[in-house]
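Undergrad: Before we start, here is the structure in question, set down as structure tokens.
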Amino acid sequence: MASSQVAYLIPLKPDLKEDNSSPRITLSEGPNTIGRLNVSTTDKRLSRKHITITPSASGSASLSVEGTNPVVVRSSGERKKVNPRGEVSLANDDLIELIPGHHFFKLVLPRESERGSYERAAKKARKEGDDVEAIRSFCPDSEKLPSTFRLLSVDGLPDWANTSCVSINDVVEGDVVAAVLSNYMVDLDWLLSACPKLVNIPQVMVVHGEGDGRQEYIQRKKPANWILHKPRLPISFGTHHSKAIFLVYPRGVRVVVHTANLIHVDWNNKSQGLWMQDFPWKSDDDNIDTPKVCGFEDDLVDYLAVLKWPEFTACLPGRGNVKINAAFFRKFDYSSATVRLIASVPGYHTGSNMRKWGHMKLRTILQECIFDREFRRSPLVYQFSSLGSLDEKWLAEFGASLSSGITEDRTPLGHGDPLIIWPTVEDVRCSLEGYAAGNAIPSPLKNVEKPFLKKYWAKWKADHSARSRAMPHIKTFTRYSDQKIAWFLLTSSNLSKAAWGALQKNNSQLMIRSYELGVLFLPSPVKTQACNFSCTDNNSSTKKVKQETKGEVEKRSKLVTMTWQGDRDSPEIISLPVPYQLPPEPYSSEDVPWSWDRGYSKKDVYGQVWPR
């Protein structure tokens, strides 16, 4: 069983000041191997297993040298050389220098004053791991996997907490011939070391939202066959924030929508979510010019067309050279898609385009859906990692979209009261990363402390997924009744006008600033849940799924949480690994919502204050 995080290493510059451009390295209780892949620049003089650091929750640690080169430890002003196979005890704030190359790190251990609370938290987490293990039983069979999503693995959690969870290497696999990586932040050094298979893909397009400085760095460091593209941002204060991966195989295409930046901390230390499904090529008798009946295909191609990346050519086995552009993605059969895409693109959208993007797209789809009567006036959850500057008028506009839908007797579901799941200051202070986790929850005090928001705050509690201390970067929106779910959205969109859009000009125009992408899970005909096709399994079926016809009466799937207590073997049940507690627990009078521009003097589990 994996142990909890008890320490971390802070990368330092040669002048021994903290290197904010490199992620800190989390250390779990027990042996942790550090080497070449942990430094910010490639240095093959270092061993892959250069040193082993073994910390404990009691506040002690030791270092042993595994590689062929010595290490220098600076402790209490003294400089000590540790030769290969040597071992030395470490203390808090000791400096470690990997040589050759002079790569510096500072060790941070829990201070004595914090160990009691840390050990109590660890003990509590272990106890809860014995009693509440809903994620352990989340093991949907392969046919139902496309109908749900998965959480990303988190370092330092018990093994059961990462059951059915995924890493980037579980996504990028097999004989990929072309790839499109879409994201906001891209740490190229980490990405290539964490997923070396990317280097061998013949053609890779990276659609990103990085600033000019980072873009120039990536341009210098990227493999020769990679192409960078930053989509146009026509309205100020927008970003390219969508997080997706499109992998083209000889057998089909894999579509992945997720919530993690392409950086170390997002794929290792945060609560994150990911959905993916494989789709086969259309058969030769399919005419791509005929009227389309698949909403997913239109959702996807309409979104990709707006990105306007420079088309490139890939050589596909049996198909020759093919131009990879938005229209290329019409060559695949999406009739088995189990989700709808909800995208945002920047612009002033009018007419029919107004209902293609942002919260108006979500409203349009939900208005056409029939839900069980138990969801009439049922509550909503808004869960995200960055809060925009909101007002009550826009929150009502947004809530109207998410409250859409009807019952079988054509009665509107009606308004749902929302709760906003947002970490408290104590959640961040006691998290796996301590206050450092607050860097990825970037909302200023002026946005968080608006008086009208107070009635909406609810706690981030995730004991059943063991993620109470893994701060959320995942973004989800849902309507629920106890442990049953009307619909569920996994998305890159935070709660902001920039992401979702705001109606203007007497509701005749929708203004959106940013690019976003999400997947909407809805009840669907039970027969469409059999999704056997895989791009990486030659034995998978490519049999077409029969489409539902008008007047056809069928059972429909029901969406539930991991902690739902009903019959999980029923073919109608789709279990979603909602990582947080439902119903959410409202803030108490003592709870304070996290804001990253406020100072906090109470030390975190590593003895740090905020800001550092």
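The backbone N, Cα and C atoms fix where each Cβ goes, glycine too.
So TrEMBL says this about it:
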ACT_SITE  H241  active site, nucleophile
ACT_SITE  H473  active site, proton donor/acceptor
BINDING   K243, K475  substrate binding site
SITE      S496  site 'Interaction with DNA'
Undergrad: Count the Cβ atoms, other than its own, that fall within 10 Å of the Cβ of K243 (substrate binding site), considering every protein chain shown.
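TA: The answer is 27 other Cβ atoms.
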Undergrad: Can you name the residues of this chain that are 6 or more positions from S496 (site 'Interaction with DNA') yet have a C-beta less than 8 Å from its C-beta?
TA: S386, L387, G388, S389, L390
Undergrad: If you draw a 10 Å sphere around the Cβ of the residue listed as 'active site, nucleophile', how many other Cβ atoms fall inside it, taking every protein chain shown into account?
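TA: The residue listed as 'active site, nucleophile': 26 neighbouring Cβ atoms within 10 Å.
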Undergrad: For the residue listed as 'active site, proton donor/acceptor', just count the other CB atoms lying within 10 A of its CB, please.
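TA: Its Cβ shell of radius 10 Å holds 24 other Cβ atoms.
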Undergrad: Could you state the whole-number distance in Å separating the C-alpha atoms of H241 (active site, nucleophile) and K475 (substrate binding site)?
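TA: Counting only the Cα atoms, the answer is 12 Å.
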Undergrad: Which residues of the same chain, at least 6 positions away in sequence, have a Cβ lying under 8 Å from the Cβ of K475 (substrate binding site)?
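TA: The list for K475 (substrate binding site) reads T259, Q383, F384, S385, L490, T491, S492, S493, N494, G518, given in order along the sequence.
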Undergrad: Between K243 (substrate binding site) and H473 (active site, proton donor/acceptor), what is the CA-CA distance rounded to a whole number of Å?
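TA: Cα to Cα, K243 (substrate binding site) and H473 (active site, proton donor/acceptor) are separated by 12 Å.
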